[in-house]
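Among the features that Swiss-Prot reports, transmembrane segment is placed at 15-34, 47-69, 89-111, 132-154, 164-186, 193-215, 248-270, 283-302, 317-339, 388-410, 420-442, with the record citing sequence analysis.
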Amino acid sequence: MKETNSFSQKLKQFALLFFPIFVTQMSLFAMSFFDTTMSGHASPIDLAGVAIGTSIWIPVSTGLTGILMATTPIVAQLVGSKKKEDVPHVVIQAVYLAICASFVVILIGLFTVTPILNGMRLEEPVERIAAQFLSIIAIGIIPLFTYTVLRGFIDALGKTRTTMIITLLSLPINVILNYLLIFGNFGFPKLGGVGAAIASTATYWCILIITVIIIHTKEPFASFNIFKHLYRPSLSSWKAFLKLGVPIGFAIFFETSIFAAVTLMMSNFSTTTIAAHQAAMNFASLLYMTPLSLAMAMTIAVGFEVGAKRYNNAKQYGFIGIGLALAFALLYSILLYFFDNEIASIYTTDIQVHHLAKEFLIFAILFQISDAIATPVQGALRGYKDVNVALIMTLIAYWVIGLPLGYILATYTDWAAKGYWIGLIIGLAFGATFLLIRLFQVQRKYTTQNNRS
């Protein structure tokens, strides 16, 4: 990151931040995407099992990685304020937190996964695949969480191209292992959805190893000497980190877990409905990688400018990110409307699943505008380290408005499973409105401070 003077310079620098992040997020998502699509071609039962397992795993992983994402705004503001010497301590303490969080998640999972699955009254093969999927994914928790911290450090320096290269190097491993283990090719055992979990876990370890090597040997990362001193765990540092990270993590958890909760509540419907819902939701999540990537770029850019006390520049980066997100949303809405048949065909050859997935995809169009506002706005707020109000707004919009409304529509109207999608759309719209108002308030506060000084 460097200081910019004109709007065109900001747009160029933002694009240089965004594009590698986008490729990275798409590559990471591709692991889940290939898990889902390839499992679906194994059988509808494998697809449903992976859907249930993923719906339990994703909220946990995204919530905790959200906490660890606090590394990015903290390091970005330190670099912006010329405090490079403080960066290694922050990163190492975050790594310690990542490892501790990993063991806590694994321990909790040992006692809760089986009761949760038993309580869902799934078909026996679906429950078995989901349980095995989660057991294997647990082995990849430590590398995934640790990588999240190290990636936050790399991205905060504006070197998002590096994380892009790391992920692109790892993606083929995931795809090849999926091909071998899901379908049993070249003499490997045919494991179906369980093979997808093994492939993803192995890939997480590869990503971590590559990242550690790059940070230790390549500039500008090596000059920070991140691994030179293994600092003692500092509870005061953990407290400061968690003060920022916990609201970020819970906001992300509330947002992602509502989709997972809907998938779990879909267990009352048929396996065909679960599979179709998962296919449509998976593609909607694929499109979500764009506003998410814009949000991550905004956190870096806004955090850097706030650290340097250039508040007007931070405000301009916010508008750039939201404007780009809305443009992409329009493009994706057109894509969903005209190519719903082709998109559904990616996930399944089953006629019933295909038809129902097309119906769900139409609702995904309405997600686009709300996501284009809510997600980038949260990224900008993280750059300001303003996270507590966003947490409350997200909780209300998704869990107080969206999910209860979806349940009512699904249970007491003819909308059935589609009622959940309508509830989500309304909740997302409220969330986007609340968050945008908060961003304007924060920008006004910092602009006023800047004018007074």
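Any Cβ shown, glycine's included, is placed from N, Cα and C.
Below 8 A, the CB atoms of the transmembrane segment (388-410) and the transmembrane segment (420-442) form 3+ pairs separated by six or more positions in the chain. Residues 20-21, 23-24, 27-28, 30-31, 34-35, 38-39, 42, 46, 192-196, 198-200, 202-203, 206-207, 210-211, 214 of the same chain lie 6+ residues outside the transmembrane segment (164-186) yet bring a C-beta within less than 8 angstroms of a C-beta in it. The transmembrane segment (420-442) shares the most Cβ pairs under 8 Å with 248-270, out of the stretches 89-111, 132-154, 248-270, 317-339.
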